[in-house]
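Taken from Swiss-Prot, the feature active site covers Thr194, Arg195, Asn196, and the record attributes it to sequence analysis. The annotation ATP binding site is assigned in Swiss-Prot to Gln193, Thr194, Arg195, Asn196, Gly287, Arg288, Asp289, His290, Val329. Feature annotation from Swiss-Prot assigns region 'Required for oligomerization' to 392-507; the stated evidence is sequence analysis. What Swiss-Prot lists as site 'Induces change in substrate recognition on ATP binding' is Phe326, and the listing cites sequence analysis.
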Amino acid sequence: MPAPHGGVLQDLVARDASKRDSLLSESQQLSQWTLTARQICDIELILNGGFSPLTGFLAQEDYNGVVHNSRLSDGTLWTMPITLDVPEQFANSVKPNQRIALLQDGTIPVAILTVKDIYKPDKSVEAEKVFRGDPEHPAINYLFNTAGDYYIGGALDAIQLPQHYDYPGLRKTPAQLRLEFQSRQWDRVVAFQTRNPMHRAHRELTVRAARETNAKVLIHPVVGLTKPGDIDHHTRVRVYQEIIKRYPNGIAFLSLLPLAMRMGGDREAVWHAIIRKNYGASHFIVGRDHAGPGSNSKGVDFYGPYDAQELVESYKNELDIDVVPFRMVTYLPDEDRYAPIDEIDTSKTRTLNISGTELRKRLRDGGEIPEWFSYPEVVKILRESNPPRPKQGFALVFNDDIKVDRDQLSIALLSTFLQFGGGRHYKIYDHNDKPEFLELISDFVQAGSGLIIPSTWSASNKVNSANVYTIGHAKDADIKLASTEETIFHIVQKVVLFLEDNHFIQF
């Protein structure tokens with residue numbers, strides 16, 4: 001088992017356990033900062049040692065070293081800036097050497113930060129050096145549109161880890177996981193990083209990796225922040241709990257990682273390797289386009305397919321963790337088995353595969369997902385969380401250019417929908433622009449209802465749902481009406497056809 005990065009596991013909770021009560025009391029008297037969702041993930045991995053050798057949020061000297069050279073000020077390899085970003089108003093309220101209580105959800109103190117410095121980073125440099133500068137990169141979008149303009153650096157005193165109310169038995173800290181491996185006498189462990197559900201191909205490639213390296217398997221999925229649009233972690237964890245049963249007995253272990261991904265490609269892959277070393281893994285599977293967010297709106301990839309593997313491999317000796325390249329496997333239907341695609345002559349051997357896009361389409365449309373691709377229990381979980389279109393909800397928002405009587409159009413649509421039956425709940429919901437209303441719309445849609453919103457709704461694009469559609473004459477309307485379609489009958493007909501084409505209604 002490798003030593004932690006930097007030589008010592010920085011388990012701050014264990015280090016500060018004897019003074020926890022005094023720290024808790026002190027925190028009530030200090031200025032307070034409520035941590036953001038990303039900061040909650042970061043501080044948990046600082047406090048539990050997952051980010052060893054870090055013992056706090058980066059001060060300016062360390063930050064500059066990481067951004068420009070992928071190294072802390074003492075020369076230690078570290079590729080991702082871990083910063084406490086705050087708005088200018090809060091930054092102006094604190095001074096060096098001041099102590100600040102850091103809270104979860106505004107009420108739960110998790111640590112006290114001793115301020116070393118407050119600085120305003122050059123975000124354009126961070127964006128270019130760390131994430132290659134494309135403004136469409138999700139981390140750059142976060143940097144400029146969500147993160148505070150000032151960073152506060154300093155060391156932490158641990159009060160407690162952030163609280164989680166789900167899967168307590170699966171949330172192992174680095175110290176706990178290392179003890180688990182020792183108790184099982186696992187000195188060689190290959191870690192598998194994922195933010196997606198796992199299917200048969202993933203099981204096959206991880207088993208192959210274990211056999212090739214004479215190691216056991218750590219399934220170590222991210223359950224913090226991942227790429228926008230990813231499947232929620234509750235669905236994924238249920239999948240992992242089922243697929244772990246499909247591994248040869250005693251070969252695999254499941255533990256959850258509370259990481260906030262940046263989708264930082266090659267730099268993030270090195271960061272992931274460091275984290276897995278801290279958790280006790282001796283080997284790490286690095287995938288094709290590892291931790292990459294795909295491509296931008298012009299179809300240009302943010303990272304090359306092998307950038308991550310090459311950068312991690314270049315630091316192999318310094319990382320003290322062996323890189324296992326992700327070998328794509330494909331299904332051979334004539335032999336009913338999976339094999340690495342680089343070993344197959346596809347001109348002579350028949351292969352089958354289902355892409356992520358095709359899988360999402362089959363889930364959406366209720367299409368068949370064969371057992372050679374995924375286990376039945378996994379498919380069942382995915383279908384429960386991703387019902388086909390006829391069982392999904394939707395909301396229809398009237399634009400302000402509709403000229404017919406809105407109340408009558410609402411009644412006509414409701415009456416038309418109700419005659420289809422099918423178990424979907426339909427409701428007319430007049431609007432206001434309060435945030436609570438936006439949340440309610442999203443809840444109704446996710447619960448499978450059909451909503452009709454007759455009043456003009458300028459904030460419709462703020463609803464956190466993919467199935468909210470506008471009706472009107474404007475070019476950007478989802479259901480666009482021609483100038484001649486001014487009767488309620490014509491509009492209802494157009495709406496019904498739209499819903500049928502998108503599989504919400506089946507005849």
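Cβ atoms are placed via backbone N, Cα and C, with glycine included.
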Mean predicted confidence [pLDDT] for the region 'Required for oligomerization' (392-507): 79
Residue pair Arg195 (active site), Phe326 (site 'Induces change in substrate recognition on ATP binding') - Cα distance, angstrom, rounded: 15
Length of the line joining the Cα atoms of Gly287 (ATP binding site) and Asn196 (active site), in Å: 13
Whole-number Å value for how far Val329 (ATP binding site) lies from Asn196 (active site) (Cα to Cα): 17
Chain-internal residues, separated by at least six, CB under 8 A from Gln193 (ATP binding site): His220, Pro221, Val222, His272, Arg276, Phe284, Ile285, Gly287, His290, Ala291
C-alpha spacing of Phe326 (site 'Induces change in substrate recognition on ATP binding') relative to Thr194 (active site), in angstrom: 12
Secondary structure content, the region 'Required for oligomerization' (392-507) (per DSSP, counts of residues): 42 helix, 19 strand, 55 coil
Assigned conformation of Val329 (ATP binding site) - DSSP reduced to three states: strand
Cβ neighbour count within 10 Å of Thr194 (active site): 19
Cβ neighbours within the same chain of Phe326 (site 'Induces change in substrate recognition on ATP binding') - under 8 Å, at least six residues apart: Leu205, Ile285, Val286, Gly287, Arg288, His290, Gln309
Recorded ATP site residues Gln193, Thr194, Arg195, Asn196, Gly287, Arg288, Asp289, His290, Val329, farthest C-alpha pair in Å: 19
Fewest-neighbour residue among recorded positions, criterion Cβ within 10 Å, set Arg195, Asn196, Gly287, Asp289, Val329: Asn196
